[in-house]
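Take a look at the structure set out below.
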Amino acid sequence: MKGIILLISCLMLIEVVVGGKEGYPLDSSGCKAGCFFGTNSWCNTECKRKSAAKGYCAWPSCYCYEFTDDSKIWNAKTNKCYK
């Protein structure tokens, strides 16, 4: 039983390490990049431009997957949007 729990824990850790960062890309104001009138393909392009692998429109903001480690993404704790 302990072995199964250890295996599952290792697999979850591998997913976190391999999966990369994900979140909302920043616009020039430090806010989430909006997709109020955008589409999934527009957000996917924006995400790739911001060094992510892919993304989609999670209305009203773009959401990206697999950012590089040095990418800046929106964080609720350090939000400086229009401040």
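The chain as shown is numbered from 1 upward.
Yeah, the Cβs are placed from backbone N, Cα and C, and that goes for glycine too.
The annotation disulfide bond is assigned in Swiss-Prot to CYS31-CYS81, CYS35-CYS57, CYS43-CYS62, CYS47-CYS64. According to Swiss-Prot, the feature domain 'LCN-type CS-alpha/beta' maps to 21-82. Residues annotated as signal peptide in Swiss-Prot, with sequence analysis given as evidence: 1-19.
Recorded features from Swiss-Prot, shown on the structure.
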residue	record	Cβ contacts under 8 Å, 6 or more apart
CYS31	disulfide bond	TRP74, CYS81, TYR82
CYS35	disulfide bond	TRP42, CYS43, GLU46, CYS57, ALA58, TRP59, PRO60, SER61, CYS62
CYS47	disulfide bond	PRO25, ALA53, LYS54, GLY55, CYS62, CYS64, TYR65
Can you give the mean pLDDT for the domain 'LCN-type CS-alpha/beta' (21-82), rounded to a whole number?
93
Number of Cβ atoms other than its own within 10 Å, given for CYS81 (disulfide bond):
11
Counting every protein chain present, what is the number of Cβ atoms, excluding its own, within 10 Å of the Cβ of CYS64 (disulfide bond)?
28
